[in-house]
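Student: Pasting a structure here, questions to come.
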Amino acid sequence: MPRWLWPLLCFGCVTAERPARSYSAALETDGEGPPFGSPDDAVAADSPEDLAAEVPELPGETLNASACPQAPVLRSLLKQMGMAEDELKTIFEDPDDPRKRTVITWIDCNVEAIVLKRREDLRGVLSDDLLKLQDLKLLDLSNTGIGGNVATLRKARKLKDVWLQASRVFGDLAVLQNLTNLQQVSFRGSEIHGDLSAAFSNLPEFKFLDLSETKVGGNLAGLPQFPELRRLYLKNTQVFGNLKTLSNIANITALDLSNTSVSGDISAILKWPMVLEVDLSRTKVTGRLGRSWAKCCKRLHTLRLANTQVKFVPLRHVPSPSWMPALSVLELSGSPLNCSIADLLVRALRLCRSLGNLKVARCGLHGRLPRLGRFAVARALASLDLEGNRLTAVTALPLICQTVILADNQNLTFNPGVLKNALANGVFLDLQNVTFAKPAEVTDLLDTTLEIGKYRTLVNEELGFACFDIASGVSLRVSPEKFAPERLCSCMPGWIGSGTSCRKCPRNSFKEDYGLGACLPCPLNSSSPAAARSHDSCQCDVGVLFEQNGTWRCGCPKDYARLGKSCVKCDELHLDCTYAGSEAFSASALPGFARLGHPTRAFQCLPPELRCNATGHKADGPTAVCLKGYSGPLCMDCAATYYATGSRCAPCLAEAAVGWSAWLVAVVVVAVAMVAAWWFSRRSATPAASLSLSTSPTSFSVFKELISAQGPMLLQMCQLWAVLAALSGSKTVGHAGGESDVDAGEFWEVPYVQALQLSVTNLKSALNLQCNYDGAAVRFALALAAPVIPLLLLLCCLVCEFWRHGLGINLGLQAITLLYIGGARSCSDLLSCQETDGAGDALPPGFAFRQAMPYFWCNDESQVKRYVDLVGYVSALCYALVIPCCLLYLYARQHIALQSSRMIGAAAAHSGDLRVCLYQVRGSSVDPQDLCGDSDRRHLAALTAYVAVLLRGRVELRLEAKEALARPLEGASHSDLWDFLASDVKERSITLKCRSITEMLTERCILQEVEQSDRVLSGAKNLLLKYTLCGNLWMEIVQKLVAVGLVSVVGSLDALQLSLAITLAMAAISGMVQPYLLPQLNTLQCCCFLCLALAALSFDFGWPFLSRSALLLPFVVSALLALATPDSAERLAVRLWQEVEPKLGQLQKGQSVEINAEILSFF
C-alpha cells in the first residue's frame, strides 16, 4: 500500500475520547455506588453497547481495520481466544458493524482496548500475540471461558485497566510489577496466586483492586501506598497483617477483608473519612465501638463485623445525629455483645435514623425487646435478626419492620396482640426452635388466626413423632414440635404416646396409625423388632403374613406351599396354591395333575389332561381325584358304567344294550371274513395270463392296477402315522364319546386313523361290550388278544396250505401286510410300562403301570401279571424275530432258486431289426445252443424286454436258431422316452433299463418253471413279483424292522431324533434303490417316508395342520401319479410277456407273432 494512503485511513482516529475512560469514571464517583459486595456490577456495569454509545461519531472516512499492521496479530489473538471465523470477518471487514468500536478500539491503527466481557462462548487462551499490542490500555475478559497465563501481560506497559474476574486465567501476580500505568485490576474468582507485596510497584493513579476468591497471599504491610485507591477487595484470600497498615489510604471508600487472617484494632477505620462500606467478617480484628466513634464515619452505610471479637459499648450521652448517621446495614452476628437488647437498641442505636438492617444473632443478648415507637431507629429498622439469643419477652415490634428473626430463643412471651398484628400486617416472623412460656398464646393463634397444614412436614425418626406445619400463605415460620406439640404433632406408627412424648412399641407388637392408638400383638409364629410400624414388620418363622377372614396369619404366600421349615413353589410340585397358607401335604393337585404315591407333589396326567381335575378337592393319600368316569393311577382307567373310547371315558347309555344285534354283527363279520378268504383263494388260483388276456388292456385298467398296487403302501403309511402320533406328548390326541365327542382335542383325527391298524382293541367300543359286561374285564381281554389275534390269523392262513398248493403262504403274507403294524403296536402297548408322567417326570417307585392295563403295576408279581408277560413276550418274539426270519428264509429261498438267471446275459443289435441273443456269463462256449434250460423262453423274455424299452407300435416277433428277432411294422417307431437326455447319458440309461427288465422277465421265467415244485415260492409269487428283482425282497424285511423300530422308539426320550433318522433313512433308500417293479411305487414310497418324518416333527411340536398335511399328501401324490403316468416301460414289458408267452409254441415252429408295444396314458 502506498505511504500517502496512511493519513487518509487514520484521519478519523485521533479526536475521539477513549472508551477506557468510561471504566475509570464509573469508579471515581464518591456518591451512592452499587450495592456492597457486588464489585462485578461496579466495575463492569457498562456493556459494550454502552461504551460504543459514548464514543462520538468520527469525522471523515471510517478506519479500515483490516489494513492496519496490527490486524493480523489481533486476528490471531482473537482466534486463539476462541472467536469464530465469521465473527472475525465481521469485525475486520464490515465497516457498518457497531461491534468494531465496542469490542475493539483502534487509535491511529493501534489497538488500545479489547472488551469481550460476558462472552461465555469463548473458551480459548491468551497467547503471546498480546505482547505485540504495545499500545493496549484496556483488557476486559471478565466472565468468559478464556484461560491462559497472566504472564502474557508482562510487556503491556501502557495497560491501565485489567478485568479478568471469573475467567480461567492463572499465573503469578508478580508479573504485574512492571506495569506502572495500572489503574484498575480485577482477578476475582480466577486462578491467580502470588505475594501481594511483590505484585505492584508504586502506582500513583491506582484506584481499584479486586483479588477476592483467589490464592493471593502476603502481608498487608507490603502493599504499596496507593494514594488514589478507592476500592480494595481481598475477600477469601490468604492475606494477613494488621489493619492499621491501611490507615494511610485516606480516600478508600470500600474495603472487604472478610474471611482472611487480618488482625488489628477496629479503630483503624477512623482514619478513613470517605469510607462507605467495610466488611471485616470472620477476621481477627478486635476493639470496641465506643465513644470515640461519635463523630466519625459519617458516610459509612454498611458495616459488617460478624464473628469477630469487636465489642459494642453502649453509648449513653451521644449528640443526636452524630453517631454514624448514614449507617443502614449493621451486622454483629456472632460477636460477644453480652448485653440486654434494650441497651443495644435504646442506648446505642436509638438515633440511627438510616439503620434498616440489623443482624445481632448469637450475640448473648437478653431481656425484653422494648417498644421503640419514639426513637428514630424505630422508623428506619426494616429487618431485625435476633436469632440464638436469650430474649424473654417481646413488648412490641419496630413500626415498619417487615422481617423479625427470633429463632432459637427459649421461653419467649409476647404482649397481647403482638403476634396477631404482625401476621395481619404481613410481617415475616421466624420463630423456629422457639418455645413459649405461655402456651395459651399459641392456642389462641391456632384457634383464631392460623390454619394447620394438610401434610406432615416434620418427621423425627429418632424420637418417633411427626408434625404438621402451619398452612402456607402465612408469613410465619415455626418449629411445630416446639410451637404447639400437642396440637401439631403425634406419635408415628410404631410409637405410642402423645404429642412429642413418644416411646417405642415393644418387641413382637406393632402400631400402624398416627396418634393415640395401642400397640397390637403380632400374629402367631411371627416376631417383630421394637417400634414396628405395621403388620408387615412381623416376620413369620416360615412364610409371610396373609389376611384370612379379617385376621392376619402366617403362612406361605400364594403360589407357594409350606414344606417343613420353608416355602416351595407350587408350580414345581404341580399343586394348586391359589390361596395363601397352603401346605404341601394337603394342597390339591392342579387341573391335569394327580397325586400318586408322593406325599408332597402331584404328577401330570397323560392326555387328555382333563381326566385329572382335583381342583377344589382334597386328595386322600396317594389316591388321585379324577374327573367323573375316570379311575386308577393318574386316572388312566375308566370307572364302572363308563366305556373307553380312544383315550377317553364316555358314559354308557341305557339303550346301548347289545342284545341280538351285537351277535348279528358278529355273524356278519365272520361271514364277510369267509367270503373274503374264498375270493382271495379264487383270485390266487386264476392264472395271471388268463386275467390279462381276457380283455385288451386300456388306460383305465392300467390305472386300476396301479391304484390296487398303491393301496397297501398307503395303508402302511397311515398305520405308521398313527404310531408316530404318540410323539404328541402332552397334546390331546383322543376325542371323547357321547356328548363331548366334537373337537375334543388338537389331534382329533388320530383315533380314526388308528382304526386302520386293524387291531381288535378298536372293537371294544364298536360292539359296546364294555357297557354290557365288566368294562375292565373286556378291556383286559381285548388288550391281551390284540397282539395274539394277528398271529392266530397267520396260523389259520398257513393251515390253508393243506387245501391248495401255495394258498396258505399267499394268504399269510397278505395278512402280515395288513395286520403286522397293528399287532406290533398292540404288543408294545401290552408290555410297555408307564414309568413317567405326562411331563416326562419319573413316577414314584412301585407306581409304574401297564399302558394297556392301568390297573396292573409293573412291579406286581401276581399270577395274572406273569401270564400277561408270557403272552406279551411270546408275541414280541414273533413280531420282532419270527416273522422277519420267515421273510429272511423266503429271501434265501428265492436267491438260491433264481441263481441261474444271474448266470445268463443278453446282447442286442438294433440296426433296422432288433436282434437279441443270450450268452453264459461264464461257460465252456459262447454258443447260444450251449445254454441250459428252456433257451427259447428266455430268448423271448429278453426280446420282449428290449421291445418294451426301444420300440413303439406294431412289432413282429420271430425266433431263429441262435437269436430272437423283432421287426417294426408299418407305423412303428422308436421309443421317445429318453429323448430329453444327452446322447451319452441316453445310451447308458437305455442299456441299464434293458438289462434291468431283461433280468426281471428272466426271473419270472425261472420262477414259473420252479413254482410247481416249490410250495414256498409258489405262495410268495405275488409278493416277489411286486419288486423289479426278486432279490429286492430284503425291502420287505427292512419295512417290518422299521415298523418294529418306530413302535419301540416313540416312547423313548430321544423319540423325535430316532423317528426322524429312521423315516429319512427309509426315504433315502427308497429313492436311491428303486426296488419296486412300478416306478410310481418307488416315488410314492419315498414320499410316504418323507411325510412320516414331517408328521414326527408336527406331532412333537404340536402342529396339527402340518400333521394332517403329512397324512393327506401321499394320497394326493398317489392320485397324481396314477392320472399322469398310469403305465410304464416295466408294466408294458410284463403285459407283453403275458401276451407272447402263451404263443411260445407257435414261435418255436418258425411262425411270427405280432404285438402292440404301446405305453397307455389318459393324455
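Keep in mind that glycine also has a Cβ here, set from the backbone N, Cα and C atoms.
All TrEMBL annotations are machine predictions without curation.
Feature table excerpt (TrEMBL):
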type: DOMAIN; residues: 500-538; note: domain 'Tyrosine-protein kinase ephrin type A/B receptor-like'
type: SIGNAL; residues: 1-16; note: signal peptide
type: TRANSMEM; residues: 657-680; note: transmembrane segment
type: TRANSMEM; residues: 780-804; note: transmembrane segment
type: TRANSMEM; residues: 870-892; note: transmembrane segment
type: TRANSMEM; residues: 1041-1069; note: transmembrane segment
type: TRANSMEM; residues: 1081-1103; note: transmembrane segment
type: TRANSMEM; residues: 1110-1126; note: transmembrane segment
Student: What residues in the same chain, six or more past the boundaries of the transmembrane segment (1110-1126), come closer than 8 Å to it by Cβ-Cβ distance?
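Tutor: For the transmembrane segment (1110-1126), the list is 699, 702-703, 706-707, 710, 714, 717-718, 721, 749, 753, 1080, 1083-1084, 1087-1088, 1091-1092, 1094-1095, 1098, 1160-1163.
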Student: Take the transmembrane segment (1081-1103) and find every residue of the same chain, 6 or more past its ends, with a Cβ under 8 Å from one of its Cβ atoms.
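Tutor: Beyond its ends, the transmembrane segment (1081-1103) has Cβ neighbours at 709-710, 713-714, 716-717, 720-721, 724-729, 731, 746-747, 1055-1056, 1059-1060, 1063-1064, 1066-1067, 1070-1071, 1074-1075, 1109-1111, 1113-1114, 1117-1118, 1121.
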Student: Let me know the model's mean pLDDT on the domain 'Tyrosine-protein kinase ephrin type A/B receptor-like' (500-538).
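Tutor: Result for the domain 'Tyrosine-protein kinase ephrin type A/B receptor-like' (500-538): average pLDDT 89.
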Student: By a Cβ-Cβ criterion of under 8 Å, what residues six or more beyond either terminus of the transmembrane segment (870-892) are in contact with it?
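Tutor: Result: 784, 787-788, 791, 794, 816, 820, 823-824, 827-828, 830-831, 1016, 1020, 1023, 1031, 1033-1034, 1036-1037, 1040-1041, 1044.
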Student: Looking only at the domain 'Tyrosine-protein kinase ephrin type A/B receptor-like' (500-538), how are its residues distributed among DSSP helix, strand and coil?
Tutor: 3 helix, 11 strand, 25 coil
